[in-house]
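The active site, nucleophile annotation in TrEMBL covers Asp7. For 7-9, Trp23, 42-47, Ser50, Lys76, 114-118, Lys145, the entry in TrEMBL reads substrate binding site. Annotated Mg(2+) binding site per TrEMBL: Asp7, Asp9, Glu169, Asp170, in sequence order. Marked as active site, proton donor/acceptor by TrEMBL: Asp9.
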Amino acid sequence: MKGFVFDLDGVITDTAKYHYEAWKELADQLGISIDLKFNEQLKGISRMDSLERILAHGNKQSAYMQEEKEAFAAQKNEAYVQLLQNLTPADLLPGVAEFLKEAKAKKMPCAIASASKNAPFILEKLGVIDLFDAIVDPATLTKGKPDPEIFVKAAESIGIKPEEAIGFEDAQAGIAGIKACGMYAIGVLADEPLTQADRTVHSLAELNMDELIAL
Ligand code: UVW
């Protein structure tokens, strides 16, 4: 193996609570009721697709023009970015900092494959942006996960083939995308069972990097 590809939310850090707070504020304003269970459906989903799901949940898919929807998404993002100001390196999930530092020391390139346009800002707040060699720009993607496009681009961005990379994901759609391009998939267990993963762990602290490189 020659490199690592990481999803961000749920693998590097957990921003679900901040997304929820920001979406809930907007949903309340639109008269749509959402709860934490509904929020599970938004994990890993792009900003506009999340908004569409919330509007559909409130039976309001056709109630707004495209420009209004874009203004709602921008309003949510402003609230979300405000909440992200609270992030510090203490918000890295267990084992992540050690894993990334070891990868750097062993010259194993690392890339981020996340649908979040806020990924660079989040990585900066977490103090790990310099440990990544590439971040796929979600604006360049034509399809979302489970399509493998983002993982293929992530491998390309660090100059390796998908089958030479190990991909980390906490969501079933992400694992499906990783497997669809021939990458080795490590599932980081959260709420869903990750059926297609080659291996599952509760945290990156469980992994031995030399064993991964030798795969
Ligand atoms: C996601 O979190 C998927 O999107 P963004 O941060 O761009 O709203």
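A Cβ is built for glycine as well, from the same backbone N, Cα and C atoms used for every other residue.
TrEMBL does not curate its annotations; it predicts them automatically.
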Long-range Cβ environment of Lys117 (substrate binding site), under 8 Å and at least 6 residues apart: Arg47, Pro138, Ala139
Among Gly44, Glu169, Asp170, which are recorded as binding-site residues, the nearest neighbour of the residue listed as 'active site, nucleophile' by Cα: Glu169
Of the binding-site residues listed as Asp9, Glu169, Asp170, the one whose CA lies nearest the CA of Ser114 (substrate binding site): Asp9
Cα distance (Å, whole number) from Glu169 (Mg(2+) binding site) to Trp23 (substrate binding site): 23
Among Asp7, Asp9, Glu169 [recorded positions], residue with fewest other Cβ within 10 Å: Asp9
Count of other CB atoms lying within 10 Å of the CB belonging to Asp170 (Mg(2+) binding site): 24
Number of Cβ atoms other than its own within 10 Å, given for Arg47 (substrate binding site): 22
Sequence-ordered recorded positions from Asp7, Trp23, Glu169, Asp170 with Cβ under 6 Å of an atom of ligand 1: none
Cβ neighbour count within 10 Å of Ser114 (substrate binding site): 24
Neighbours of Asp7, Asp9, Glu169, Asp170 excl. site residues, C-beta within 8 Å of centre, Mg(2+): Phe6, Leu8, Gly10, Val11, Lys43, Gly44, Ser114, Phe168, Ala171, Gly174, Val188
Separation of alpha carbons, Gly44 (substrate binding site) and Glu169 (Mg(2+) binding site) (Å): 10
DSSP three-state assignment for Glu169 (Mg(2+) binding site): strand
Set of same-chain residues at least 6 away whose C-beta sits under 8 angstroms from Gly44 (substrate binding site): Asp7, Asp9, Gly10, Ala115, Lys145, Ala171, Ala173, Gly174
Coarse DSSP state, helix versus strand versus coil, of Trp23 (substrate binding site): helix
